[in-house]
Amino acid sequence: MADNKNNPHEVSDTGHEWDGIRELENPPPRWWTISLYLSGLLVLVYFILYPSIPLVTGSTKGLLGWTQIKEYHRGLEEIQAVRAPFEERLAEMTAQEILDDDEMRNYVIASTRVLYGDNCAACHGVGGQPVPGSGYPILNNDDWLYGGTIDKIVETLAKGRAGMMPAHANLLTEEETDKLVKFVIDASNGEATEAGWKLYNEKGCFACHGADAKGNQMLGAPNLTDRIWRFSGEPDEVRRTIMHGVNDANDPRTRIAIMPGWNERLAVKLEAEEFGDDPEDYYDGTETERLTETEIKKLAVYVHQFGGGQ
Ligand code: HEC
Ligand code: HEC
């Protein structure tokens, strides 16, 4: 006789019935029963090996001694082990050498994003593109206040920068101010008039912005003949810069534009090297290092590859 246990008409039921559906009495399939007991066993094994029963402070420890923080530290150690040989080589290389070495450059670009995000992005924006109107310079174009070579960028980061333009409110008549505002806007469009250039020179603007108004990287004076604005090309904003200057301590309405320095010790070292002197003779022991020299090199390479590096 055929086995009829899967035929609902041949199997006895519990007597329960809902809308013609009967509750049968046959046992669940074997695979199902086995999985049920196995999962119970698994819970028991976990229970013994890992932290499980919550107590008043903490929980039972488990035989393996596993904790989340240990797992985290192990992960961190693995990352550091991968990075260590690169970091050691970085310490020995100049920023220029890093830039010229494909492997090291790629490592730096991949591993410096967080460092940049933590220290620089608040002012300069992600990818070197600050919020428009925030007054922070764009780092991903090739218009540089202080120079876009890798060495200049290292110097900027180590020392910090604060360009100074004196307030001219007391040095210019209303009419002269109007004319200079117009000159600056015309110059950015390549349309400056002869009279405009004359006034520009008479009022001494050339001393910092240059005879051709293309700027001076020694002073951080921007190029006035391009369409890239350090602050803004709106007439009222140009007027404000001319009248109240930048970082002029004597004018309460001056623009503030300060790039913090990140490593005084490196700044002193660069200065000594410029004069061919031994940096040890220059240090006085009080120099701070908010970022290490290696971190500065990494950030300089990172900024250089935004696209504007020279
Ligand atoms: C508190 C805001 C602030 C922070 C943080 C900051 N900067 Fe700056 N940075 C400035 C300002 C303002 C200037 C322009 C200074 C000036 O106008 O003289 C500047 C200038 C620069 C320049 C020179 C640009 C040029 O055209 O020559 C570079 C490069 C630079 N910053 C990179 C960085 C990097 C990398 C970091 C992170 C370590 C950083 N900055 C952190 C505000 C900041
Ligand atoms: C002592 C040097 C100095 C003199 C003199 C000077 N400037 Fe400047 N000027 C600067 C510096 C430095 C900056 C940029 C500051 C910064 O970014 O931190 C600047 C910025 C500007 C800007 C802002 C440009 C932009 O892209 O937003 C304008 C406009 C300007 N100067 C016009 C003038 C005019 C016009 C004169 C003459 C009346 C003049 N400057 C005289 C040093 C000078």
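Cβ atoms here come from the backbone N, Cα and C positions, even for glycine.
TrEMBL labels come from automatic prediction, so no person has curated them.
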Do you know which of M165, M259 TrEMBL groups with C205, C208, H209 in the heme c 2 site? M165
Between the Cα atoms of H209 (heme c 2 binding site) and C123 (heme c 1 binding site), find the distance and write it as a whole number of Å. 25
Can you check which residues sit near M165 (heme c 2 binding site), meaning Cβ under 8 Å from its Cβ, same chain, 6 or more apart in sequence, and list them in order? C208, A221, T241, G245, V246, N247, D248
Of all the binding-site residues given, C120, C208, which has the fewest Cβ neighbours within 10 Å once its own Cβ is left out? C208
Pairwise CA distance, C205 (heme c 2 binding site) versus H124 (heme c 1 binding site), rounded so that it is a whole Å: 28
